Amino acid sequence: MVKSTMSAVLLVLHIFVLHLQYSEVQSLANTSSHDFSYLSFVYDATDPELEGSYDYIIVGGGTAGCPLAATLSANYSVLVLERGSLPTEYPNLLISDGFVYNLQQEDDGKTPVERFVSEDGIDNVRGRVLGGTSMINAGVYVRANTSFFNQTGIEWDMDLVNQTYEWVEDTIVFEPDSQTWQTVIGTAYLEAGILPNNGFSVDHLAGTRLTGSTFDNNGTRHASDELLNKGDPNNLRVAVQAAVEKIIFSSNTSGVTAIGVIYTDSNGTTHQAFVRGEGEVILSAGPIGSPQLLLLSGVGPESYLTSLNISVVASHPYVGQYIYDNPRNFINILPPNPIEASTVTVLGITSDFYQCSISSLPFDTPPFSFFPTTSYPLPNQTFAHIVNKVPGPLSHGTVTLNSSSDVRVGPNVKFNYYSNLTDLSHCVSGMKKLGEVLSTDALEPYKVEDLPGIDGFNILGIPLPENQTDDAAFETFCRESVASYWHYHGGCLVGKVLDDGFRVTGINALRVVDGSTFPSTPASHPQGFYLMLGRYMGIQILQERSASEDAIRNLGFQENILDSPKSTSSFAF
């Protein structure tokens, strides 16, 4: 009784303190319906009108691809080729309650959530819809850790970075209302020593805080597709159900140059689109799609490509190498009384681990990849899923082709979870802290028996080790309960495949701008960084083109070059 009373007091204090701190926030978006104004320039890939030449072709209309396209369209013609369909075809994508449903929906080859199982035996998913993973994720929004920028090997314009974040945030990011379970878990984090209390912030900060969300307070999802509305509709075309099969290259004395792409529509008909003049092909197909497409196009390890009878365009030993996935370990508690469903809005952040939680209604069908395998026991009542994420990580694996000719056949992916013992150590630290979280007064009312410490909960799945000092037992727990956090990244790293301008080294007019480019997760959730990256790189490219054209004018070549079709913003077919 005393502990329950103390929990209530802590809860009231927590809400009061956070309320005082939430008022000091930057300008965010206002609650509204999902804005599909961009549909006026969306085409099905079967439309022959799409074939022609553009200043930029972007492969992938996902988290980074949409803001990149919108930005480039300010001055140039842009074609976005998205392999998935429109989100309007799947209404559950657009509501917070649909997060679990979308994982439950059977993969028919077209659904927005594409299923795969890594060679580690862990279930996982990819986005296959306009908006990419920003259309299927849990909606968490946070800016990158400031230390992340220093580790990338890139000289960032931090003023531009911050302006770019704001460009994203005033359209699709919201300050979430305090949900009951999220407030409770936040109180537990503070009580367990994940300090300080940072109130509301979209910055990556050590401690406990309420973070931004791409779900508004009516439960409507806002994703990267809405950033297309900021583009110039006269310069922008988006093709859906367009599976890019290969990059087209030309070769001459100036080297190998990307000049276009081959893509197929939903009927299997082949099409081509080209870039003109100083234009580029930009891959934004993600950590699995971008290395896969490079390999299929003959850019990768020479001996590997030769063994598959793929003509080598450029020898690149690190394409498909160094892919990482942040391990997710967790505890599920089944409380004695029903709790409301909630998405992640409260985070507990330390240098060794990141923690969060969702609460959910019962499952009648396994949500694919929510648990490590489909054989995992299902909750028959409301439950809380309390999660630990290992930052980094340091363990890494590979993307290799499952088909040497068909992009629709997903590649083989192996992440080698916990092969690096530092990752395992961070998991042990995080799960021990989760034990402290379970032992707080804040979670006492969620026990089914009045027992001390971590005992007394109705646990679904593997319980924490009883002995909080037994590192070996925790290591076993980490290995046996690991699931994907869905935050996999790498495969086309800056410094190995790309230069600091995200150009594929040794090839002209080809860049990669997406989650395949860095070896570590930028924050507790990567979505905010990659939304920013698309816009940021769009501005960088515009600035490069502007400087180049100014130089050409100064050399007296304006009439011959600047007035040629490549530099106009109209479409040419």
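Here the Cβ of each residue, glycine as well, is placed from N, Cα and C on the backbone.
Per Swiss-Prot, CYS478 makes its disulfide bond with CYS427 among CYS356, CYS427. Summary for the recorded positions HIS487, HIS525: the Cβ-based neighbour count within 10 Å is maximal at HIS525. With a cut-off of 8 Å between CB atoms and residues at least 6 apart in sequence, the same chain places VAL59, LEU81, ARG83, VAL261, ILE262, TYR263, ALA285, LEU293, VAL407 near VAL244 (FAD binding site), listed in sequence order. For the recorded positions ASN137, ASN145, ASN218, the greatest number of Cβ atoms within 10 Å around a candidate Cβ is found at ASN137.
Other C-beta atoms found within 10 angstroms of the C-beta of PRO526 (FAD binding site) number 27, with every protein chain shown included. Distance noted between the C-alpha atoms of PRO526 (FAD binding site) and ASN150 (N-linked glycosylation site) is 16 Å.
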